[in-house]
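Let me begin by presenting the structure, written as structure tokens, before commenting on it.
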Amino acid sequence: MFFQSLSLLILVATLLCSPAFALKKSYIVYLGSHAHPPHHISHAHLDRVAHSHRTFLASFLGSHQSAEDAIFYSYKRHVNGFAAVLEDSAAAEIAKHPNVVSIFLNKGRKLHTTHSWDFMLLEKHGVVHKSSLWKKAGFGEGTIIANLDTGVWPESKSFSDEGYGDVPARWKGSCHGDVPCNRKLIGAKYFNKGYLAYAKFPSNSTFETPRDLDGHGTHTLSTAGGNFVPGANVFGLGNGTASGGSPRARVASYKVCWPPFKGAECFDADILAAIDAAIGDGVDVISASVGGDAGNYMEDGMSIGSFVAVKNGVTVVCSAGNSGPKPGTVSNVAPWIITVGASSMDREFQSFVELSNGSRFEGTSLSKPLPEKKMYDLISAADCKAANASALQALLCKKDSLDPEKVKGKIVVCLRGDNARVDKGQQAATAGAVGMILCNDKASGNEIIADAHVLPASQINYEDGEAVFSYLNSTKDPKGYITAPNTQLHTKPAPFMASFSSRGPNTITPGILKPDITAPGVNILAAFTEATSPTDIESDNRRTPFNIESGTSMSCPHISGIVGLLKTLRPQWSPAAIRSAIMTTSRTRDNTRKPMVDATFHKATPFGYGSGHVQPNKASHPGLVYDLNTGDYLDFLCAIGYANKVVQLFADDPLYTCRTGANLLDFNYPSITVPKLTDSVTITRKLTNVGPPSTYRAYFRAPLGVEVSVEPKLLTFSKVGEEKMFQMTLQVKSAKALGYLFGELTWTDTKHHVRSPIVVELSS
């Protein structure tokens, strides 16, 4: 019997190692841009493009049929390439072909919300809608905003088309059958082939709908472009008139994210297909609250797709990521993307924790109140661990870690971290707890997030959590109480950087500061699906048309909505000009007029907030902008080392030649970053006037140990569109403080303040 089994194992191993059983993976073959006819692209032409892709692949696989079976996407309109299931050996051969820009694995990405795993909607009291300029822009009317996410819940009032006229004639998109279009929600498509190719299982009805079964897509799309909805609230909290950043914009949903598989939800092949479709459909803004590890620009679906979009005049806005506060974690770092970090706002959902010793700590929650107004027995989760659980597992309130006999009828004190915040409450409730106090770990600091817990609960900051644990250890009969949550406006300090928001420096191109900007991303109220509960816990039967979520997923669409307003108000501006206006008019001080801080209340830096916290009204009239065009981005690629042939294919211009002397230091980005400065460098920038005739003077705050000079110190502009150059020299004065240091440059005519962060890395 042993020898029979051994023979079978040898046979199986031999078969698996044979060519017929070689392991296949899903790849994207990127061929650069298309050389389409200048006018209408016919279906016949697109069919010829797809045929050319099959013919190309057939030359490697041996037959057209093999190529047709392998290809699951043919990118035909704006992106040129295809996605196919291939053996590694075939992929290696394809990579050698001179017409291939790159071939890379169909990578998976994550949604950037902290809700499942651990917005301010612009309400009637919000900053945007107080401005006559934004009213002049018609709140984004005429703009079309696309969202790449988990789909859309079309029944939400945020997507009502009441009061809307006809859909713009330029629109070429459509809606899938189970998501009806109207004059507000004008597009809804889904893209799943990359996900299914990676997961290697067949499709079913769950994967064949643009309907949002998760809530994330509805939340982000309504934040960017949701209509005005009076009386929006979450279980009675946060009541007000909700709206997206561009409430009168038309919106479209492109579903690219699906239930997590091996930690990934959104795949490059689907993202590229969605962006290609969105450009062709006629969108103005693409909002993408997804991301993964930063990588090679030519081997990244979001990077490639967004470049093609920007080349076609579409502004692309992406999340920075939720891997903070660790440095070097920022994603979506391509310089043609607007990359958004997350910060807090001056609204809290307060729920206080009271102890029998008289202590009272401010927390946050959306949960129901305790059944009685009295002091309850209080217990540390570590002191009520189940027999088969460790003290750490119990302290984190993990599944099956709590002993029901010790928990029943008490308020359990859990520690934040590892598993989902709402899951901790579920585990406490399952064990019989009457309530939960969730204490921040040290990394989370003062960032507390409002969740619709399944039991009465409140989350408190790290310092207050330490006090609660100290109290538990100091008394034999600890008791406590959790007050019912209430909405509090105008809280201070705000904004401050969320601990989860991914940080710079940019690990791919350290000479480009990322993120670019920060926007509200903590405790954001927006529309939600009614296909699942606000906690996404199976046993939670509650449904709510609005929900509160946190993450750079939530801050990204804030900027997308503001971009929509700017597109309406300033239609002649390029995507780069729009980004510059948003960046250079931002602020770095909070509502106490002190420098913004992070979640530990230490001073924040541009690696967290980029240029600063967005100020929409000021972005509408920045005075000057740092503009960029396609040629500038190609120069950028040459400057950082891409071969001329690769850039030619990327540009779809066989005559393109990398400009001699292309220098990253002279790339006209609105922020100024100099890594590894050892002596002296001079950078060049160009400013374009978008305001009235005026004279601007340069002011700067030099990074510590660096001497800064600017020439000329005055720039006079006589008309709109006029361009002026300046140079800034940075020279090491004292290298005592090695590492990254920060300063800023501001051009001002006293009415406009065009501010750029200066980031310098001093090295020995």
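For all residues, glycine too, the Cβ spot is worked out from N, Cα and C.
Now, the feature entries from TrEMBL:
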ACT_SITE  Asp149  active site, charge relay system
ACT_SITE  His216  active site, charge relay system
ACT_SITE  Ser553  active site, charge relay system
DOMAIN    26-112  domain 'Inhibitor I9'
DOMAIN    140-594  domain 'Peptidase S8/S53'
DOMAIN    394-467  domain 'PA'
DOMAIN    666-760  domain 'Subtilisin-like protease fibronectin type-III'
SIGNAL    1-22  signal peptide
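Separating the Cα atoms of Asp149 (active site, charge relay system) and His216 (active site, charge relay system) is a whole-number distance of 7 Å. Within 10 Å of the C-beta of Asp149 (active site, charge relay system) we count 30 further C-beta atoms, all protein chains included. For the domain 'Inhibitor I9' (26-112), the DSSP-based tally of helix, strand and coil residues reads 34 helix, 30 strand, 23 coil.
For the domain 'PA' (394-467), the model's pLDDT averages out at 95. Here His216 (active site, charge relay system) is positioned 8 angstrom away from Ser553 (active site, charge relay system), judged by their C-alpha atoms. Note on His216 (active site, charge relay system): other Cβ atoms within 10 Å of its Cβ, all shown chains, come to 30. Summarising the environment of Ser553 (active site, charge relay system), the number of other Cβ atoms within 10 Å of its Cβ, over all protein chains shown, is 33. Secondary structure of the domain 'PA' (394-467) per DSSP, as helix, strand and coil residue counts: 25 helix, 15 strand, 34 coil.
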